[in-house]
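According to Swiss-Prot, the protein has these features:
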BINDING   R16, E17, L18, K19, K112, R516, C517, W562, E606  5-methyltetrahydropteroyltri-L-glutamate binding site
BINDING   I432, G433, S434, E485, D600  L-methionine binding site
BINDING   I432, G433, S434, E485, D600  L-homocysteine binding site
BINDING   H642, C644, E666, C727  Zn(2+) binding site
ACT_SITE  H695  active site, proton donor
Amino acid sequence: MTTSHILGFPRVGAKRELKFAQERYWRKELAEQDLLDLAKALREKNWKHQAAANADFVAVGDFTFYDHILDLQVATGAIPARFGFDSQNLTLDQYFQLARGNKDQFAIEMTKWFDTNYHYLVPEFQKSTAFKANPAHYVNQIREAKALGLNFKPVIVGPLTFLWLGKEKGEAFNRFDLLNQLVPVYVEILNALVAEGAEWIQIDEPALALDLPAEWVEAYKSVYAELSKVNAKLLLATYFGSVAEHAELLKALPVAGLHLDLVRAPEQLAAFEDYSKVLSAGVIEGRNIWRANLNKVLDVLEPLKAKLGERLWIAPSCSLLHTPFDLEVEVQLKEKNTALYSWLSFTLQKVEELNVLKQALNNGRASVQAALDASQAAADARATSKEIHRPEVAERLANLPKGADQRKSPFAERIVKQNAWLNLPLLPTTNIGSFPQTTEIRHARASFKKGELSLADYEAAMKKEIEYVVRRQEELDLDVLVHGEAERNDMVEYFGELLDGFAFTKFGWVQSYGSRCVKPPVIYGDVIRPEPMTVRWSQYAQSLTNRVMKGMLTGPVTILQWSFVRNDIPRSTVCKQIGVALSDEVLDLEAAGIKVIQIDEPAIREGLPLKRADWDAYLQWAGEAFRLSSMGVQDDTQIHTHMCYSEFNDILPAIAALDADVITIETSRSDMELLTAFADFKYPNDIGPGVYDIHSPRVPTATEVEHLLRKALNVIPKERLWVNPDCGLKTRGWTETIDQLKVMVDVTKKLRAELA
């Protein structure tokens, strides 16, 4: 019989119960025990959903209060020493302080989990790091699953991926040298799981899909030789890309099974068809929301079943934490666009799709004929739908003039024209875009959407907030202002709602980091901007002040990356469609007198393919799409872009090729680490490295901000340096926001006086 299993499940709950409970706990409105009880109830629901879908194992250990890599730092005793916490006796408050910072320490750095929109907390390894096992996180969840009578499979990220994802801190050394100390701690953790009755243990090694150095690849042999001594069957799970180049190594490892992502990299199956152990085929897309064509999947699985017999397992391609919880609650979408609804599949539907595949493999296709027919009908309808393809979009892309994505003049000429009218001081200060979104603002937006607030009352509320934001910025003496984005629920969703070719869910939330969830748009068809989207708000804000007002757009690559994207045409084509649509908005802003326009691209690096060999092609089309979004603007219009959550030292030439007049970047959490690259690569345009971390409510000291600014001045000419926070301030409160910005402006004025 074919075995089915799940690699991981969404953590936040069907209705984001965990998010709201966490935030109440942080505000001291919820007792710790109540938070723990809610989390336990969520885990039970998750496991019961998996069991109801006939999964042979439920995944345990994947649930987390913030991040599974943070949990692993605790489990291995690798929490940053600078906090002074004892990993063996860590309180829940201390756990959250690691993630969010406290009055004495900034939060652990956060970055993207491979090429997804999930963020993990980056382990800080030091030469003196002393690992110590604390398996309580996993053991406690196993005990809960056992108490429910469930067959379970613990899930833990493997030691090589864990080390690879971290960074060296302090005295120079190579974190790879810590491996021999780390492996015995893993053995101790795994033994604790075995003692609780674990027969199979899933060890995730997604780093194998990267371009790992030879010594790291070779280390898999010795590491798994040690781990395999544990009295359990190990399932080595890979995902997000092909591991075919490591096929001989993986087939020789002393593990009981191997999981392959056959959605992202179906071609790799050929390299493993002679695998002699359990082969887990990841055939249901774990990162997107499109319904599978189950007949096509079975065309792949049935020959595999004939070869492998009971050694064939089936699963989603990766953890389902990247997909929304349940399509069935999307009643409005079903009523509004029945066809699109029939093409979608969320977490609960995906585990049921897996169940259909399992029944078909075990009992024949006829046993699930109705489900297969429904799947086929949806696939056929989508392939021929006229809702998806709009000829005028393809025609416009095909007929773009040569050089459409290039500015009229080089930066050196543009900046002279821009400076002539901007007349800004040295080290100009600005905000990245959003200001705090109060309960009142969110309520007004929600009431308007529900039809409970008239358009006139809604616009009055937004204008009142915009004026408040403008006045606060004037009081702080910021140089280039923003309107604050009160009208925007999300930087991608807002634009998607105003562009044709996008659809929206009501409950399609996925975790971004900690309690932060996002509701990605669904790009299902060709993209067009039917009318202006932001012009009236920026125009109104500009009418309130004599200072420069910055227009705010989200760039094409970020809209693409932070959406669930159609999979029937290349992503590059979708991205260029969005870029061209945005260019209409940019020209309308320019015509309305908004001559500083920011086109945010925080997600440009996360779109990089995992293999470097594929980078150039991606960077070429991503850069073209970005430049297309401002095609046709005049030289004296200043185009800004913003990037966050990223490391771009290795793609600086591509970032420079975007040719934005000003780039602002997130750097404070990594102590301006990005700027070390500027010693070799002289970024040609203006740059604003973030001088404080907006992910924490902590107000930075003047000394800290000055330290970062002086580091920046060491590598960036003062004439080209801007001063700004790391990112937008949407998630912060007003009190801390004012205090944080005041420190930033005061320090800037001090340095201006020095440099004058």
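The backbone N, Cα and C atoms fix where each Cβ goes, and this holds for glycine too.
Checking Cα-Cα distances from C644 (Zn(2+) binding site) against the recorded positions (R16, G433, S434, D600, H695) with a 10 Å cut-off leaves D600, in sequence order. Taking only the Cα positions, the spacing between G433 (L-methionine binding site) and C727 (Zn(2+) binding site) is 8 angstrom.
Taking the C-alpha atom of E606 (5-methyltetrahydropteroyltri-L-glutamate binding site) as reference, the shortest distance to any of the binding-site residues I432, S434, E666, C727 belongs to E666. Each residue contributes its Cα atom, and for D600 (L-methionine binding site) and C517 (5-methyltetrahydropteroyltri-L-glutamate binding site) those atoms are 19 Å apart. Taking the Cα atom of each, H695 (active site, proton donor) and H642 (Zn(2+) binding site) are about 16 angstrom apart. Long-range Cβ contacts of C517 (5-methyltetrahydropteroyltri-L-glutamate binding site) within its own chain (separation 6+, distance under 8 Å): V12, R16, K19, W509, V510, Q511. Annotated L-methionine site I432, G433, S434, E485, D600; additional same-chain residues within 8 Å of its Cβ mean position, judged by their own Cβ, are N431, V482, M491, M552, Q598, H642, C727, G728, K730. Secondary structure at G433 (L-methionine binding site), taken from DSSP and collapsed to helix, strand or coil, is coil. The residue listed as 'active site, proton donor' is surrounded by 25 other CB atoms, counting those within 10 A of its CB over all protein chains shown.
In this structure, the C-alpha atom of I432 (L-methionine binding site) lies 20 angstrom from that of K112 (5-methyltetrahydropteroyltri-L-glutamate binding site). Take the CB of I432 (L-methionine binding site) and look out to 10 A: across all protein chains shown you find 27 other CB atoms.
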